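*Asks:* Got a structure here, written out as structure tokens. Questions coming.
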Amino acid sequence: MQWRSVLLGLLLLRLALQALLALLPALAPGLCLRRRFPFPFPPPPGAAGSSHWGSLLWRDGDGGGAATAGGDEYERRYSGAFPPQLRARLRDAARGMFVFSYDSYMQHAFPRDELDPLHCRGRGPDRRDPSNLNINDVLGNYSLTLIDALDTLAVMGNSSEFQKAVKLVIDTVSFDKDSTVQVFEATIRVLGSLLSAHIIITDTKQPFGDMTIKDYDNELLHMAHDLAVRLLPAFENTKTGIPYPRVNLKKGVPPDSHNETCTAGAGSLLVEFGILSRLLGDSTFEWVARRAVKALWSLRSNNTGLLGNVVNIQTGHWVGKQSGLGAGSDSFYEYLLKSYILFGEKEDLEMFNDAYRNIQNHLRRGREACNEGEGDPPLYVNVNMFTGQLMNTWIDSLQAFFPGLQVLIGDVEDAICLHAFYYAIWKRYGALPERYNWQLQAPDVPFYPLRPELVESTYLLYQATKNPFYLHVGMDILQSLEKYTKAKCGYATLHHVVEKTKEDRMESFFLSETCKYLYLLFDEENPVHKSGNKYMFTTEGHIVSVDERFRNSLWQDILPGEEDGAEKIKPNELKAVNFSSNCNRVPDERRYLLPLKSNYMRQIDRMVGLI
């Protein structure tokens, strides 16, 4: 009986310690506690309802120590130099992927918005069903895919096709259409691409080859201006300054328009609107976009500093209280940082630093360090914006952009771990499901619409570390796309990542982002890397030069003052969360080793059911 008493005592001690850990945030809310597990009481392995995440804490040897024989397999597969001949073939394969898709669109779909790659035909707005927002939010009857692909043609050095495509856009595209589109989608896909192409055409250095257009008279800039003017009614008649989510390009805001919008949709317009304002010398567009960002920022929780994902634009009430890094929130954080990079406005960085600190304090789970210590690997979960409590056990594929954003602020080590988690999911399915349940180790929403976020983060991590591991990741992604998504006339959405069934749709971001990032990953000599110019990618992957003309505005203060109800941003200590010192945290001797120790890679692979 003595052993039973000892066992009972140990169990009671464990429960008491876990209860104390669970109570700590409530007892000391000011402490920045980074919780190790998503649940306060992870069940023992094999128990009903136990999650793989929780059970990892019970495995000896998985949270540190020397690599095992299994780790050697990772080292043999991923470490070491990447042959330049293989890299050149993969670069050409990525270009071929784009060319096949672009040529198929031009042959079978232009001037419609998208290509149906299974039936080799074009697709436009769904006029029969205005409620089909999945289609109508994006397709505006303005040759979307052609416009979205313009700067990819330039980045790949195809000057003749770039010039031809620009002339087609100028001659055939009009925004005077009875189309109701989402303001966010029209901004990042169309407005952003027009501005990017205009900047490429007018660049006196012409780093991508001769991309000039004979007798070019700023037509793309004028088209961007015309489109932006048609989007401006979304910012009118809103009590908060947060725009309506949709607008009719001819008639303005529809009379039956909803008063609810997502944080990312309303707060991710500043880069494109700011560029337009600074090119035109007209503060209007940047003013309305900044007012929307400031309005959203003023609505963050007083307790956690977090924002929700859906808000009422008239009342400022949070309809969706989920705070996460995926759909509905993602690009809001991205554009706080990228607006600072591009425009140099100090308050954009201040807001981003505050947001990043709050994300680390409330959304991050797992061990403190990526490459050392015990416990679960870092993961960012969805929580209640007011309490910081876990809301669900899924993450979505859009969140795979976040490691790339972390690279931009120098938090490379944390980016390595989060990227490894998404790559493990890719390895399991050959794609990223739209939603993945990390507790059930299964997709919640199983389709994959050719999204670029994992490729984007892979590319940026390679640029930061020059570690050949990320070339292997890119090769895996490219091979999966060829194997599972290639269709008769392009590349198709995967309807189900397990069954590998296809849907008849190829979204325009496959050309503007997925193919572009894959190509740049393998093209070491590309002018993006070698010209000496500084570039930034928009959230749609459009390339923009970072130069002084965007850091100088012709106006002193374009932001609404306190009398307009906007909150004044108080200066903060920037170095607190800028993580600039982390840029050197990846030692040179690790350049040709795994970016993540093999035992930690194996831990992540086990978490997603790979082993």
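Heads up, the Cβ atoms here are built off N, Cα and C, so glycines get one too.
Summarising the annotation, TrEMBL assigns active site, proton donor to E185, D330, E434. Residues annotated as active site in TrEMBL: E453. Positions annotated as Ca(2+) binding site by TrEMBL: T539. If you look up TrEMBL, you'll see 1-22 marked as signal peptide.
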*Asks:* So if I measure Cβ to Cβ from T539 (Ca(2+) binding site) and keep only same-chain residues at least 6 apart in sequence, which ones fall under 8 Å?
*Replies:* I188, S268, V271, S331, E334, Y335, K338
*Asks:* Determine, to the nearest whole angstrom, how far the Cα atom of E453 (active site) is from the Cα atom of D330 (active site, proton donor).
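*Replies:* So the Cα of D330 (active site, proton donor) lies 11 Å away from that of E453 (active site).
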*Asks:* Is it possible to get the count of other C-beta atoms within 10 angstroms of the C-beta of E434 (active site, proton donor)?
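*Replies:* There are 21 such Cβ atoms around E434 (active site, proton donor).
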*Asks:* Between the Cα atoms of E185 (active site, proton donor) and D330 (active site, proton donor), what distance do you get, rounded to the nearest Å?
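*Replies:* Roughly 14 Å, rounded to the nearest whole number.
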*Asks:* These are the active-site residues: E185, E453. Which one scores highest on other Cβ atoms within 10 Å?
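*Replies:* Comparing the active-site residues E185, E453, the most crowded Cβ belongs to E453.
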*Asks:* CB neighbours of D330 (active site, proton donor) within 10 A?
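*Replies:* There are 25 such Cβ atoms around D330 (active site, proton donor).
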